[in-house]
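Enquirer: Next up is a structure, given as structure tokens.
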Amino acid sequence: MTKITAAITAVGKYVPDHVLTNQMLESMVETNDEWITTRTGIKERRILKEPGKGTSFLAIKAAEDLLSKSNLDPKDIDLVIVGTATPDMQAASTSAFVASQIGATEAFSFDLESACSSFLFGMSTAARYIESGRYKKVLLIGADMNSSMIDYTDRVTCIIFGDGAGAVLFEPNTDGFGLQDEYLRSDGNGREYLKVAAGGSLMPATEDTVKQGLHYVKQDGRTVFKFAVSNMADVSEKILERNNLTKDDISWLAPHQANNRIIEATANRIGLDMEKVMVNIHKYGNTTSATLPLLLAEYENQLHKGDNIIFAAFGGGFTWGAIYFKWAYNSDN
């Protein structure tokens, strides 16, 4: 029997119009452009300002962008997965609303939450459905409205995060393109270092938790940085070793856009020059679940059929991993 692999056949993206620059942050918190740029590589980030709009709005827009560039009838989509750390609400699936709004009326759907690793883990999940042979078209969206959980008086976090969404379509491939291998990890001992404490079952939201700002994301930046630098590089190196790949075999590294120093450390570990590394952190900051699909959407025109791509991500939890992927098409643009 011919082996089925899960290939990406279309991409889309959406970022809000409002730009929050480092210079604008200087008037909000005690920081400056040089400090932010030197430590993170971020120059600006996008913020969703429209009232009454949330993560689903971003996800829908990214999906619509993908649909507009492909011949896909949304009724042919079998499954919609939304990777997000900022769902619209508790106990109501963001993905179900997204699917209905884009016309994917024949699809089932679910949300996948694994912090900044959500999209990477979603790639693995989407691939399993495709490889089963039962599902032909899986839409995976990474979307986050991080501004909804940011305290804009906290200079540790407000400089890092932005809002955005990216979407990819997975389809079966029998020519060897698509997801080749994965190395995914987690360690629950790290959950105290990067979290939103209130709003879940451990600490339901109350007037008191809101007054204390416990519904905002908090992180131990030093601990998170050290763990991310070490582990994103480790899994990237291991995925190469396991597949007998050298740096010369790799066309692109697509790393989670959390911090430019983490990106550079990962590239250095596997011996890649920075011209082979996808980077857009300077424009969007850390968009959590959206970083990897935003990279694909922006670099699509530079990708070629057969390119070997290493995806790597790290997120709260802790969660992290790497995926070896063979690109399936040349862009028409």
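Cβ from N, Cα, C; glycine included.
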Enquirer: Given the ranges 37-41, 52-56, 257-261, which one is assigned the annotation region 'ACP-binding' in TrEMBL?
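Expert: Feature region 'ACP-binding' in TrEMBL: residues 257-261.
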Enquirer: Report the same-chain neighbours of Cys116 (active site): residues 6+ apart in sequence with Cβ closer than 8 Å to its Cβ, ordered by sequence.
Expert: Ala85, His256, Ala258, Asn286, Thr288, Ser289, Thr291, Ala313, Phe314, Gly315, Gly316, Thr319
Enquirer: Averaging the per-residue pLDDT over the domain 'Beta-ketoacyl-[acyl-carrier-protein] synthase III N-terminal' (110-188), what integer do you get?
Expert: 98
Enquirer: Please give me the CB contact count at 10 A for Asn286 (active site), counting all chains in the structure.
Expert: 23
